[in-house]
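*Asks:* Before I ask anything, here is the structure I am working with.
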């Protein structure tokens, strides 16, 4: 059997960088070269400050870099020397979750490899299997044809996104009835046929994969004349947009139906904790809806750089083709307490662990009154009694915290001006 000694990976991003770094660590006899046209990104991979944040990744890179792991912009040479080129040879979809990518790579539920049903395709599959067999049990390595492999990737992310949208739809019902979505999620999650994972209600899913893969599925179904199937999966995206818009409207309504000129502290900008990735983050869209209403946002995130936040909010679809408004309405701070100084409300958009440990009595004293907390990630559930005794008005996802709060009458989502609503057109991948 052909033995792989040199691997080239095209693309040094969130997938290529971690994946090939782990391959290099687990296969010291294989030389792995990661190439990219972005010189700045490659320089970062070769420095002490990696271009992406992922727990455990720096240690993996530093253990291999310069030995059998290399980062380069010389794409032609890397391809020429390689026995295997990731992306262009086989279908080897990743099932990584940002924040746990290194663990997912070292201890995968499964590795999926798809290829052509030809002698050459089958040889390539066996060669790549041999690479993963250095540390992955054979029973967890699945081989399929190319279509099955690619559709498995789309379907897996679509099913996960569907679960999030499903529990988020129930969260709206819980708020209307007095139920607690956490209690409902626990009850249904104990059913072994359903399971408890991905039943956490929130402001909506983000990241580079879920929306992209669901929309790819929608596009594929439309192209293959399966409109009913396309419509079914489009609803997963529509519910996610509804949840974001609903949360933003709730903030506005609770702040006496206007946020114009009001300071709002937004804690968390990455799409989830333990990553600096902001792609499709719900924080971007919540910021947009609040900016549309003239709110002054003070944003803090422990891992997202200021320039990334400004860049995301300055995109035409977010800034309404008026990037100047970002400089007028948005301030990025390096301290959560500074963000909350003189704020009317504190909004938690990312479930960073540190937000559970802030000194909320200190924060309350510096905020304007009445002081509101809008917990979009349910990270402060254990502190509700304490926060209320301090004086906070608390609003959270999928639960009525108290009937003694300042009256809140839910508005019909969509009744606001068109500028507060996200695009309703189906984005096609």
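Cβ atoms are placed via backbone N, Cα and C, with glycine included.
Any TrEMBL annotation is an automated prediction that lacks curation.
Annotation source TrEMBL lists NAD(+) binding site at 11, 12, 13, 14, 15, 16, 36, 41, 98, 209, 210, 211, 212, 279. Positions annotated as substrate binding site by TrEMBL: 94-98, 153-157, 193, 200-206, 271-272, 377. For 209, the entry in TrEMBL reads active site, nucleophile. Among the features that TrEMBL reports, domain 'UDP-glucose/GDP-mannose dehydrogenase C-terminal' is placed at 265-382.
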*Asks:* What is the biggest Cα to Cα gap, in Å, among 11, 12, 13, 14, 15, 16, 36, 41, 98, 209, 210, 211, 212, 279, the residues listed as binding NAD(+)?
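*Replies:* It comes out at 25 Å between the most distant Cα atoms.
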*Asks:* Between residue 13 (NAD(+) binding site) and residue 154 (substrate binding site), what is the CA-CA distance rounded to a whole number of Å?
*Replies:* 20
*Asks:* Out of 36, 98, which of these binding-site residues shows the lowest number of other CB atoms within 10 Å of its CB?
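*Replies:* It is 36 that, of the binding-site residues 36, 98, has the fewest other Cβ atoms within 10 Å.
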*Asks:* Please work out which residue of 11, 13, 204 has the most C-beta neighbours within 10 angstroms of its C-beta, and give that one of the binding-site residues.
*Replies:* 204
*Asks:* Going by a 10 angstroms cut-off between Cβ atoms, which of the recorded positions 15, 97, 154, 201, 209 has the sparsest surroundings?
*Replies:* 97
*Asks:* Nearest to residue 201 (substrate binding site) in three-dimensional space, by Cα, is which of the binding-site residues 36, 98, 212?
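*Replies:* Closest recorded candidate to residue 201 (substrate binding site) by Cα: 98.
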*Asks:* Taking all residues of the domain 'UDP-glucose/GDP-mannose dehydrogenase C-terminal' (265-382) together, what is their mean pLDDT?
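*Replies:* Averaged over the domain 'UDP-glucose/GDP-mannose dehydrogenase C-terminal' (265-382), the predicted model reaches a pLDDT of 97.
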*Asks:* Looking only at Cβ atoms, how many others are within 10 Å of the one on residue 271 (substrate binding site)?
*Replies:* 26
*Asks:* In the domain 'UDP-glucose/GDP-mannose dehydrogenase C-terminal' (265-382), how many residues does DSSP assign to helix, to strand and to coil?
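*Replies:* Its residues divide into 47 helix, 19 strand, 52 coil.
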*Asks:* Whole-number Å only: compute the distance from the Cα of residue 157 (substrate binding site) to the Cα of residue 210 (NAD(+) binding site).
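*Replies:* Checking the Cα atoms of residue 157 (substrate binding site) and residue 210 (NAD(+) binding site) gives a distance of 5 Å.
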*Asks:* Specify the count of other C-beta atoms within 10 Å of the C-beta of residue 210 (NAD(+) binding site).
*Replies:* 23
*Asks:* Binding-site residues 97, 154, 204, 271: which have a Cα within 10 Å of residue 210 (NAD(+) binding site)?
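*Replies:* Cα filter at 10 Å returns 154.
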